[in-house]
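A.B. asks: This structure is in structure tokens; I'll ask about it shortly.
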Amino acid sequence: MYEYFEGIISEVTPSYVVVDVNGIGYKVFSPTPFAYKQGQKAKVYIEQIVRDTGITLYGFQDQDDKGLFLKLLSVSGIGPKSAMAIMAAEDSNSLAEAIEQGEVKYLTRFPGVGKKTASQIVLDLKGKLGDYVARLDKPENGEEISPALNDALLALIALGYTQKEVDRITPKLVEIEADTADQYIKKGLALLLKK
């Protein structure tokens, strides 16, 4: 029924935000509530779930995250709470990439996801998430990324940095001249530690 709410974030908690739209506060569960700041004007994309126990609103920063949430809900054995827990534990690009590559073991690290459910996620969604997979081939400025830089970016993700953190420093890494992935990794770590 709702596509999005645009209003002021009046409250931020570990599991939900309250969006004030013209004096009405909507409690919206979010996988990333701390991405919002209290007092900030924001557009929150909404999915409304109606159950016997009540109506619950789930909110996302963009249409892609909302779409991924809906794809997860289409998997047998995944409900809204499980889908939110999965999305809260990992950024959308990494999650979609793991599904596309059939990484069942990787998916079992999410709360409430056992081997059977992880296999079902891969079975149901593999090949359907191409839009969500990160494109490390080109940064936003359109320049080509060298194989050494691409290896370095993948290594930074493997070290535990999020896709968003790595995307933030990619344009700076493209500008430097380095011959090896090790050189890019050292510079990338220095940039990430600056924050």
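Along the chain as shown, the residues are counted starting at 1.
Placement of Cβ uses the backbone N, Cα and C atoms for every residue, glycine included.
So Swiss-Prot lists these for the protein:
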type	residues	note
REGION	1-61	region 'Domain I'
REGION	62-140	region 'Domain II'
REGION	141-146	region 'Flexible linker'
REGION	146-195	region 'Domain III'
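Walk me through the surroundings of each of these features.
C.D. replies: The DSSP breakdown of the region 'Domain I' (1-61) into helical (H, G, I), extended (E, B) and coil residues amounts to 3 helix, 39 strand, 19 coil.
Here the region 'Domain II' (62-140) has a mean pLDDT of 84 out of 100.
For the region 'Domain III' (146-195), DSSP puts the residue distribution at 39 helix, 0 strand, 11 coil.
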A.B. asks: What are the helix, strand and coil residue counts for the region 'Domain II' (62-140) according to DSSP?
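C.D. replies: Secondary-structure composition of the region 'Domain II' (62-140): 48 helix, 0 strand, 31 coil.
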